[in-house]
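This report refers to the structure that appears directly beneath it.
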Amino acid sequence: MKIAILSRDGTLYSCKRLREAAIQRGHLVEILDPLSCYMNINPAASSIHYKGRKLPHFDAVIPRIGTAITFYGTAALRQFEMLGSYPLNESVAIARARDKLRSMQLLARQGIDLPVTGIAHSPDDTSDLIDMVGGAPLVVKLVEGTQGIGVVLAETRQAAESVIDAFRGLNAYILVQEYIKEAQGCDIRCLVVGDEVVAAIERRAKEGDFRSNLHRGGAASVASITPQEREIAIKAARTMALDVAGVDILRANRGPLVMEVNASPGLEGIEKTTGIDIAGKMIRWIERHATTEYCLKTGG
């Protein structure tokens with residue numbers, strides 16, 4: 001097969017591993033910067049051009065689209081879909097997962113347990129917003145934040161009010177969430193491919209922090225997950241219509257709670273921690289699903 005990887009930086013670990021895994025299985029691979037793609041949207045002869053040339057047909061496309069370029073990145077992916085390329089995660093699913101509010105609404109509607117959460121835009125009644133989620137301690141987030149940026153633990157009501165007031169000055173969407181103390185600064189990242197959790201790690205925040213993101217200095221170890229955690233991770237990925245997802249789970253006294261569903265999970269931390277060839281599993285999923293039937297279904 002001919003496979004395109006959409007990424008702004010082909011030197012990143014995840015891109016290199018996916019390219020390596022695809023080549024090892026006999027596929028042709030090209031890494032394309034989605035921002036350098038430009039598109040002819042024409043009912044008779046749609047096409048995608050890249051750095052002065054018209055791109056050939058790709059059997060499959062692997063999107064590694066960063067949050068900052070979601071709009072144009074998903075537009076480029078959508079054009080590949082229109083031309084009959086199989087996407088490892090469809091453009092609409094990626095856009096849905098990047099919208100934190102919509103994601104939580106969809107998960108809640110499917111009965112998937114979440115931390116008690118409130119969301120507001122520059123709330124005038126800060127006190128009621130805090131009461132709505134059960135009071136302090138609580139976590140205050142900017143909806144647009146990633147990798148732990150724009151996330152604050154407010155341990156007292158006064159601190160919560162101060163943080164919310166500060167965020168209000170940014171004219172931003174504010175997410176207020178109960179703090180799961182018993183998780184002790186840890187979460188579980190489940191890597192879902194299709195209908196299977198192929199790997200899981202426990203991420204522990206560095207000392208003095210409560211955010212377990214590896215980008216912020218957190219540590220990782222292999223996690224043994226329960227059948228309930230496995231089920232909720234797969235259900236969350238399926239709810240978001242993602243073939244590949246990183247599902248972040250908190251272990252609360254009342255059971256596992258989904259924190260986030262990531263449409264473009266990094267592979268470095270979880271592959272190096274578990275020793276599992278996740279990139280290879282993703283390529284094998286493509287081999288099973290980038291079929292003639294898919295092209296016929298999409299008009300490719």
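Every residue, even glycine, has its Cβ placed from backbone N, Cα and C.
Annotation comment: Swiss-Prot describes Lys141, Glu178, Tyr179, Asp187, Arg211, Ser212, Asn213 as ATP binding site. DSSP assigns Lys141 (ATP binding site) to a strand segment in the three-state reduction.
Sequence annotations record features per position, and here Swiss-Prot assigns Mg(2+) 1 binding site to Asp248, Glu260. Cβ environment of Glu260 (Mg(2+) 1 binding site): Lys100, Ser103, Val247, Asp248 lie under 8 Å away, each six or more residues apart in the same chain.
Residues or ranges marked as Mn(2+) 1 binding site by Swiss-Prot: Asp248, Glu260.
What Swiss-Prot records for Glu260, Asn262 is Mn(2+) 2 binding site, and it gives sequence analysis as the kind of evidence. Asn262 (Mn(2+) 2 binding site) has a Cβ environment of 21 other Cβ atoms inside 10 Å.
The Mg(2+) 2 binding site annotation in Swiss-Prot covers Glu260, Asn262, and the record cites sequence analysis as its basis.
Under the heading domain 'ATP-grasp', Swiss-Prot lists 104-287.
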Cα-to-Cα gap, Lys141 (ATP binding site) vs Asn262 (Mn(2+) 2 binding site), nearest whole Å: 16
Inter-residue Cα distance where the pair is Asn262 (Mn(2+) 2 binding site) and Tyr179 (ATP binding site), in Å: 20
Integer Å distance between the CA atoms belonging to Asn262 (Mn(2+) 2 binding site) and Asp187 (ATP binding site): 14
Most Cβ neighbours inside 10 Å, all chains, among the binding-site residues Glu178, Asp187, Asp248: Asp187
Mean predicted confidence [pLDDT] for the domain 'ATP-grasp' (104-287): 88
